[in-house]
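Per TrEMBL, the features are as follows:
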- 131-237: domain 'Ig-like' (DOMAIN)
- 356-446: domain 'Ig-like' (DOMAIN)
- 453-567: domain 'Ig-like' (DOMAIN)
- 571-675: domain 'Ig-like' (DOMAIN)
- 783-893: domain 'Fibronectin type-III' (DOMAIN)
- 898-989: domain 'Fibronectin type-III' (DOMAIN)
Amino acid sequence: MEQHRFVSDWLQANALDRAMRWFTAGTMLNSPFGEFIWTGYPVESRNIPPNLYSLWFDKPPTAADQPTYPVERNKLVYGTNGTAWGWYIDVPSQARGYICQAKSLFANKLLPQSNPIDYGQMDSNNIYRGPCFVEQPVDAWFVPGIVVENFVAFGCFANGNPAPNYRWYKIGFISGQSIVVPKRTLVEPLLSPTGRISISGGNLIIHQPQASTDSEYYQCEAYNDFGSILSRTAKIVFGQLETFPKHPRKRRVALAYQSVTIPCDPPAHSPRDSLIYAFYMKKDSGLEPVVLPARPGVFVSQAQALIGFSEATTQDSGIYVCMITMHQLGSRLSDSPKSPDMPLTVLESNQRIQEPRIYDSFPAIWPSDPVRGQTVRIECFAGGSVQSGPLEYTWRRLDGKPIPIEVYKEFNRVLEFSQIQPEDQGVYECKVTDSMGSQAQPKSVSLQIKAWPYFIKTASDTIVSIGETVVMVCEAAGIPEPIQMWYKNGESVSELLAQGKLDSARYTLMDGTTGPASLQISQCPGTYCSLPNGNLLVFALTKVQAGLYACRAENQFGSAKTSAYLDVIDPLVVILRPHNMIVEVNSTVIVPCRAQAVPSLDVNYAWFYEDVEIKFDRLDLDARRYEKTQFFRPFDRNYGFLHIVNIQMSDAGRYACEIQTPLSKQREEGYVLVAGPPGPCAGVEAATVPGTELVVVNWTKGADHLFPTLFYQIEAQVDDGPWIMVVSRLNESASIQLDKVSNRRTTTIANLYSNILYRLRVRAANVKGIGEPSAASRGIITLPKPPTKVVQNVSGGGGKHGTLVVRWEPLPYYEHNGNSFHYVVRWRAKEDLEYTDTVVYNPMVVENDTKVQLTITLAEERFYKPYVVSVRGVNEIGPGPESDRMIIMSAARVPTNAPRNPQASMLNASALGVTWDPPLLSPEEGPVSGYRILYWRRGVECLSLASDIERWEQGQRLTLYGDVTSGTIIGLDSDSYYCIAVQSFNTAG
């Protein structure tokens with residue numbers, strides 16, 4: 001019964017669907033009919049004890065019910081009748097959860113386990129496989145007279161077992177009726193009459209390349225005993241770069257405040273767009289580069305090979321030089337000599353304003369014939385006035401698609417795409433506006449690219465059983481649309497079919513003109529099929545087909561025979577499968593998986609999350625980093641199960657167990673749903689309600705995580721301070737739903753300070769706890785109002801004579817409630833009737849205190865007189881409440897009478913005791929604050945003028961506070977005479 005209470009309590013707290021029933025190990029026997037036992041338990045524990053019979057909601061059948069009782073209803077399941085949990089009888093075919101029992105002793109056996117795909121193979125070098133490319137050839141650039149090496153090399157490397165060999169081909173093209181068919185010619189270095197070609201390993205090296213004979217495409221083939229593969233094609237790109245002419249350039253003359261350009265006029269070169277341009281200005285010290293980042297009005301165009309000045313000034317006059325660099329295929333080859341001098345003279349002009357104008361040759365695209373994957377620039381350049389600010393360049397796509405912010409370069413004059421893709425094609429429009437708001441006529445350019453063929457979906461390695469039908473699919477794209485062809489071991493499948501080397505009844509070839517290219521290899525009809533290579537294919541194996549098979553070969557000279565025994569084993573049987581389950585966040589989850597195979601086969605279990613394999617033996621760099629959740633496979637009797645420790649919300653999803661043997665593999669799947677606190681809310685927005693102190697907060701409800709949201713919490717932050725709870729519990733029923741589709745919620749809050757910049761965020765809560773906070777809203781400033789807080793702790797007194805000192809606790813800035821906050825100190829003499837108001841914006845902070853103070857200079861010297869004082873806060877909206885009126889005394893007069901009858905007596909060799917009588921005080925002096933005892937060694941008569949000089953030069957003092965009439969001086973020299981005087985002091989001095 002204790003176990004039942006545990007199960008029923010757990011189901012009551014965690015079962016979301018109360019209509020769902022849960023399997024147990026309870027099963028009904030056929031004999032004796034109607035009796036239930038716990039299957040899988042020891043014999044002594046199988047029978048259900050009588051004290052549990054009260055748990056039955058369904059009455060177990062009796063022997064009299066056997067003729068009409070449904071045979072399939074034989075499972076004991078847990079369910080609820082609405083008030084309690086108990087037992088029902090149900091069928092085993094329904095998909096439902098399980099209630100299992102395990103010993104806690106086995107918890108320490110939940111250890112990680114890893115079986116790689118080659119489990120059972122002692123030496124991975126014995127796994128034979130065909131070639132797979134590691135390195136493929138790429139185009140090589142050769143410019144005679146510029147490159148240092150007088151050869152080009154194409155790299156080719158593949159792995160495989162045994163190690164592959166290599167062949168190279170020259171590729172020519174034969175035009176057919178509708179397509180261009182490649183023709184391959186084997187490259188044989190030993191037969192080359194010039195000896196310029198050599199093959200080293202997989203590398204093809206061509207010495208002294210010549211455009212007339214070496215301009216074709218080249219292709220590498222890697223092969224071993226298990227197949228061959230062809231690489232992508234590559235070619236030699238022959239380039240050319242002449243030198244600049246020697247004659248100087250004609251001087252260019254421009255008026256100041258007008259735009260001007262200086263073209264580079266590069267020498268003859270090829271390929272097109274293979275040059276990079278840089279401009280320098282001649283100085284006394286040599287050539288100085290034109291630093292563009294510091295000059296927004298100067299632009300170097302790679303597309304038009306020029307330097308442009310949006311607004312030239314006389315300071316731009318000088319001699320310019322253009323330097324060019326050959327740059328192709330991602331490699332810098334050489335710098336050419338500099339261009340001839342290009343002088344520019346800018347003349348003074350009174351016309352200081354020019355309207356912005358985009359040059360006719362812009363926008364321009366570089367390179368002019370872009371290819372997918374290249375870095376592509378779209379340039380825009382305009383003339384215009386930049387005296388009061390740089391020109392503003394803006395871009396848009398006419399199809400309305402957004403332009404990524406990271407492509408904007410060089411003061412937004414350039415859009416630079418580092419890896420151009422087909423989706424970047426479109427019409428781009430450039431607009432230019434000067435600092436005065438004048439706008440140039442917009443101009444546009446169409447960006448169209450080419451794309452060498454590239455694979456969107458590649459054919460992958462496929463392992464299939466003999467007799468199965470396999471479909472291999474690959475999909476390529478390119479601009480223009482590419483032609484797709486299939487090859488088997490380096491030979492065209494279409495040619496092999498045409499030549500009868502492949503069975504057209506089993507091979508179905510799709511050329512990819514209307515979709516992905518596919519190759520389907522089908523099984524033969526019937527139970528037995530003889531393949532073209534002489535092999536015998538047997539379908540639908542049963543143990544009947546087991547036995548001795550013989551093969552006989554014969555020709556006109558005789559025959560030969562060999563035989564082999566075929567053994568047929570039982571197939572893989574899955575006995576435990578993953579099933580759909582609901583678990584709690586941070587809990588431990590066990591997902592079952594178990595298969596049964598013949599003892600001669602090793603069984604391995606691999607687990608996948610959303611089709612990505614879970615790595616148990618290392619950090620899973622291919623999928624996710626497991627920061628909180630841990631995944632284990634136990635070694636014990638639960639081998640094959642998946643243990644998930646500390647499961648998180650992000651771990652919910654589809655889990656698949658793949659059961660692998662050397663002969664086959666099978667996958668079983670189940671969904672794990674994680675229940676927990678709600679996910680963070682989204683889209684938090686806040687706004688003030690005009691004319692009120694209310695703030696409206698809107699948000700989108702986050703994920704419930706299987707439990708309904710009960711309430712929300714709203715937190716506020718001022719500046720970068722801590723988050724403070726402003727609404728501790730807003731029930732879900734109290735929030736207003738704005739939109740059922742988007743789950744928007746809204747509420748109003750009224751307890752925020754006025755005229756304060758707030759950011760708000762929202763949390764949701766359910767029975768599992770409070771969820772993570774949402775992202776903060778944009779800042780809002782609450783509406784101002786007059787101060788509402790009363791100034792506290794008004795006090796004062798002291799100060800210099802002729803003043804009134806008022807002190808108070810300042811209001812925190814968040815209680816100012818508005819701008820232009822200040823204090824108004826209202827004061828009057830106690831006997832007067834009219835008040836005086838003093839406005840204070842920045843009261844002085846009292847040292848070593850939390851208060852501030854105001855010192856009021858009185859019109860007449862009124863010593864130690866009572867004043868009635870109050871303080872209030874005021875802002876631009878109005879005044880706040882007035883503080884309590886306090887009586888504060890003005891500054892007292894400095895004491896005029898000395899203490900009376902001072903006496904000194906010796907206490908010991910180094911101390912004297914001093915006594916005195918209080919001075920006679922006037923009402924204007926106020927109470928005595930304390931006394932000072934002055935003492936100095938007597939050199940002359942104590943009452944003489946000379947003694948006063950000694951007092952100022954060597955006198956010391958002892959200060960005593962309060963209404964005292966005695967003091968002790970210590971630290972005196974022994975056997976010495978001292979002069980002693982006593983002073984009184986008050987708050988005035």
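Placement of Cβ uses the backbone N, Cα and C atoms for every residue, glycine included.
Here the domain 'Ig-like' (571-675) has, by DSSP, the following mix of helix, strand and coil residues: 3 helix, 48 strand, 54 coil.
For the domain 'Fibronectin type-III' (783-893), the DSSP counts in helix, strand and coil order read 3 helix, 47 strand, 61 coil. Mean pLDDT across the domain 'Fibronectin type-III' (783-893) comes to 89 in this model. For the domain 'Ig-like' (356-446), residue counts in helix, strand and coil come to 6 helix, 37 strand, 48 coil, using DSSP.
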